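Here's what TrEMBL has on this protein:
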- 1-26: compositional bias 'Pro residues' (COMPBIAS)
- 1-27: region 'Disordered' (REGION)
- 178-203: region 'Disordered' (REGION)
- 38-57: transmembrane segment (TRANSMEM)
- 90-107: transmembrane segment (TRANSMEM)
- 114-133: transmembrane segment (TRANSMEM)
- 153-171: transmembrane segment (TRANSMEM)
- 207-227: transmembrane segment (TRANSMEM)
- 264-284: transmembrane segment (TRANSMEM)
- 291-308: transmembrane segment (TRANSMEM)
- 328-350: transmembrane segment (TRANSMEM)
Amino acid sequence: MTAPPEPSAPGAPPHAPAPLPAPAPAPARASLEHGPRYLVAGVLLLVFGGGVIAWVLTGINDSPASSVDDLLRALVDPLHAVDLMALTPYEWMFAVALVTVAVLALCQRRVARGGALVLAFLLLALCLRQAVGALDEDYRAGFDAPTYGPWTLTTYGVGLLLAATVLILLLPAREPAPTRHTAPSREPAGQLPPGEHPGGPRPLGTLGVLGGSLLIALALADIAWTLDNQRLAAEYDLKSWGEYFRDLVDPSLFHSPTSLTSGVYFHEAALAVSMLVVGVLACLGRPVARGAGLTLLAMAAYLEYRTVVLTFRVGDWSAYVDSTRGTLMLLTMLLSVPALLIAIFGLGFAGSARAPRRQPPPAWPHPGPPPFPH
């Protein structure tokens, strides 16, 4: 009678499940496929953000009436005046947004894609507006001014190229979204069905809809007050409706390249329209709206902070309580603050949970014949 064969050497049974593939990146990070795109876009945004900061510092250095201390105080105190050569709060927050999103893109955070895209679209619109202004002979002559002219032309030319490059890089860099499967999968153990990506972004869900709805409400309020302010300007013959809409696309009407800033009306309208579009995308559950919405909300929060500080520092409440328009302005301001905070909270946590992974079945015990005969 022969003895039973000795058990084989320890190890995985020959019919054990196939080993799992390498872990997918966490949803907060870009996939390896799109990592280089994020890095290049981050460098480009950082370059232009640094350029805007350089313009601010150059303007304050060349200003005969303001200093760096005045600039630092003006950043947090809207009552402290600073020379327009140091640009406006819109350019300041745009520079900070560019640098912040650039750092996130260099860290390959997925949230940076939406922020980079919305900033690139804003930069593209700003540079195309300058191109329209250059069609005017007098405005074009400002680019030949010996002080700032050539550098201004270079800044907008480089900005146009950078914005187009960032859009080309990041528009196709969409991460695959996870899909839900209710029927049992026929894939081998430990593998995912085609189209299911455990590291993909999750839908924005209810919090995304909440943040998007508030974005739309804030944008509509800004647009309504912007149009109402223009109505008053037209009634007092300060600026007609035609001049206002022309200034949105053509800076040559009221500005010159040597003035460095091209006014606030374009930035004001561009921010409101961007919030409206991104809010709609958030309500539709588009993952790109999360980063774009947070970027715009941060910019809007800074402007709202300046409005609130200005209102309480001036302290003249009679203008707000003596008329219906003033009361509506006060209510809009008071409601905008919690709306901004709730929208930031909603988009900040929307779709941030990790997509569940399919757990492989245990390798032992396993179905099938025993590893050695009895």
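FYI, residue positions are counted from 1 along the chain as it appears here.
Yeah, the Cβs are placed from backbone N, Cα and C, and that goes for glycine too.
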Among 38-57, 207-227, 291-308, point out the range having the most Cβ pairs under 8 angstroms from the transmembrane segment (264-284). 207-227
Mind checking which residues reach the transmembrane segment (38-57)? Cβ under 8 Å, same chain, six or more beyond either end. 30, 68, 71, 86-87, 91-92, 94-99, 101-106, 108, 112-113, 116, 119-120, 123, 155, 158-159, 162, 165-166, 169-170, 173, 260
Recorded stretches the transmembrane segment (291-308) and the transmembrane segment (153-171) touching, at least 3 CB pairs under 8 Å: no
So what's near the transmembrane segment (114-133) in sequence-distant terms, Cβ-Cβ under 8 Å and 6+ beyond its ends? 41-42, 45, 48, 94, 97-98, 100-102, 104-105, 139-140, 156-157, 159-160, 162-164, 166-167, 170-171, 248-252, 255, 257, 262, 266, 270-271, 274, 278, 287-296
Tertiary contacts of the transmembrane segment (328-350), as residues 6+ beyond its ends and Cβ separation under 8 Å: 204-205, 207-208, 210-212, 214-215, 217-218, 221, 225, 282, 289-290, 293-294, 297-298, 300-301, 304, 307-308, 311, 320-321
Same-chain Cβ contacts of the transmembrane segment (207-227) under 8 Å, 6 or more residues past its ends? 268-269, 271-273, 275-276, 278-285, 289-290, 293, 296-297, 300, 329, 332, 336, 339-340, 342-347, 349-351
